[in-house]
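Engineer: Please see the structure below; I have some questions.
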Amino acid sequence: MEPAAGSSMEPSADWLATAAARGRVEEVRALLEAGALPNAPNSYGRRPIQVMMMGSARVAELLLLHGAEPNCADPATLTRPVHDAAREGFLDTLVVLHRAGARLDVRDAWGRLPVDLAEELGHRDVARYLRAAAGGTRGSNHARIDAAEGPSDIPD
């Protein structure tokens, strides 16, 4: 894969993206504290929040606390980090992204919302959270959610 045109050649951008992708919390923290930019693209044009290990909510928190943009979209697929977290079934990461302002009502290049991906792949807890956060059925192809199954069921 060739580096993206106009991408950052700052080594710390590659280091931060690599640490985020591997879920290395302490390395991500150290790089951010040393001044690595949370939105700087790596040599392939991808931001750390786009390549982070989705199962590491703590990496997401660190990136977001240092100013990472939760709504950055992949230019080819239009997926955002919330699509990735929903597709992989990582509720903790999804909640962190949502609380940081990630939009749940955006479609990818195939017209799918994050809730659609969660439902397609059988991540019921994620789909339940997304439906509740969206106010029930908005954007979803499924029936209304039971009021007792809202975000209050999600651990902090």
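Placed from the backbone N, Cα and C atoms, the Cβ positions cover glycine too.
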Engineer: Do you know which of S12, S140 is annotated phosphoserine by Swiss-Prot?
Structural biologist: S140
Engineer: Out of S8, S43, which residue gets the phosphoserine annotation in Swiss-Prot?
Structural biologist: S8
Engineer: If you run through the repeat 'ANK 1' (11-40) with DSSP, how many residues end up as helix, strand and coil?
Structural biologist: 20 helix, 0 strand, 10 coil
Engineer: Tally the residues of the repeat 'ANK 2' (44-72) by DSSP class, grouping H, G and I as helix, E and B as strand, and everything else as coil.
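Structural biologist: When I sort the residues of the repeat 'ANK 2' (44-72) into the three classes, I find 13 helix, 0 strand, 16 coil.
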